[in-house]
Amino acid sequence: MMENTRIRVGAEAFSVGDEYTWLSQCDEDGAVVTFTGKVRNHNLGASVSALTLEHYPGMTEKALTEIIADARSRWSLQRVSVIHRVGPLFPGDEIVFVGVTSAHRSMAFEAAEFIMDYLKTRAPFWKREATVEGERWVESRDSDHIAAKRW
């Protein structure tokens, strides 16, 4: 299934259009679901001027591979693409892309949401925000852990 899986972690920007084109090439699938996360210009009541993402190389990709394998064991999926940027990012920049294909929309929607929920709670990424008050590390939210528990 690795030929039907794309995992990329890096500083480079990605093209949502290119990912959609790759995902949609499976003629047997009736559903393509994608999610793109962006840097907000605010968080926890403060203006955000930049966000720096760090990760543990090798371990991060391993965690993403395991999350995708878990999704594949729950839903019948064809292609899966997960991209996560690291390094300095700014409001409006795209951070994360999750795309999945399946025969039916319900499986594709659920699998994409599952992957995103688990990515937020199980993949080793660390965020540092720059605000007017200075820099601060962003802790994981309780809502992310609650969302992941439903699976």
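The backbone N, Cα and C atoms fix where each Cβ goes, and this holds for glycine too.
Residue environment of E129 (substrate binding site) contains 22 other Cβ atoms, counted within 10 Å of its Cβ in all protein chains. E129 (substrate binding site) falls within a strand when secondary structure is assigned with DSSP. Swiss-Prot lists K38, V39, R40, H104, R105, K120, K127, R128, E129 with the feature substrate binding site.
Sequence-distant contacts of K127 (substrate binding site), defined by Cβ-Cβ distance under 8 angstroms and a gap of at least six in the same chain, are L51, T52, L53, W137, V138.
Look at R105 (substrate binding site): DSSP puts it in a helix.
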